[in-house]
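So that you can see what the record holds, here are the features copied from TrEMBL:
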type: DNA_BIND; residues: 85-128; note: DNA-binding region
type: COMPBIAS; residues: 369-381; note: compositional bias 'Low complexity'
type: DOMAIN; residues: 83-127; note: domain 'Homeobox'
type: DOMAIN; residues: 130-331; note: domain 'TLC'
type: REGION; residues: 344-392; note: region 'Disordered'
type: TRANSMEM; residues: 38-55; note: transmembrane segment
type: TRANSMEM; residues: 179-198; note: transmembrane segment
type: TRANSMEM; residues: 205-224; note: transmembrane segment
type: TRANSMEM; residues: 260-282; note: transmembrane segment
type: TRANSMEM; residues: 302-323; note: transmembrane segment
């Protein structure tokens, strides 16, 4: 074990040339990031999760009820042992051949069986109330952490001149504010890692799992080798759009459609500007070029930048989804009445829709007809492609 730890903490990988771990030990004059500090994130992640449960129950739920958000779930499917067995053990989406076989076996018409499966799938969907509570919690946290990040960074020199991220590196002391900011973000992402298995399951579960892993690894990695200054820039920049996204979801669930549309447009503009514009031109410029000039490359430098480029790839993926939504909204919108969220539910985002999310209209109606007859704009869940910041 000692040999493995010595190999893992090899100074020639983690630190620039001629720097050792002994040089970064805490002294009376200065405090530096220590790997053992990160253990604090685990109990804090549990505390954040418990705070979330209390918040959703005693704050978010009363707010949802005050906004007349539905508490009841979807219509319950008629109990049927044969169909239930097929649903749980074979398939939730039977094909025509299986539908015809079940029709003969049960002496039901095919449309009734289709309706049963649709109602049974809908039973597994989370209620709008649950979605609202989850979004309100995330909105509150993202708003708080982004506000804290801005207030902290505006007092730092590296916000105004990114070369300060590398001057005197790695002998940059760790301040209490920076330590709190880092541990809070890391704890939140650990709480998301655990809670996403119990949260509303979305079709982008895999990519969000990858996103959370990359986020945790980046935060941990940059803390250990004291790249925390540039790390704070990455965190704050990626937190900037998240509160708008969750606010748009909340407005959508509360059926404040105009507010929802406005918030989505604001979210899309902020997201694409920060993640495809400012992030590569400002953050990647300093990590790739300014750091090369001032500090020079070393093994963990390469790993850190590869991870940042992976984040850029995720940003491109989510930006593509947002642009795709806007293009479909424009193509489906009526002349003179453009609505960025007025799209059919069959086109909704993989990220916001639950894993079995689909229309609830009777068989035979098209999704567009159902949207019109239901009196909704089809936004419930479509947009709201939820990139979480390094939620992302």
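The backbone N, Cα and C atoms fix where each Cβ goes, glycine too.
Here the DNA-binding region (85-128) has a mean pLDDT of 88 out of 100. When DSSP labels each residue, the DNA-binding region (85-128) comes out as 31 helix, 0 strand, 13 coil, counted as helix, strand and coil in that order.
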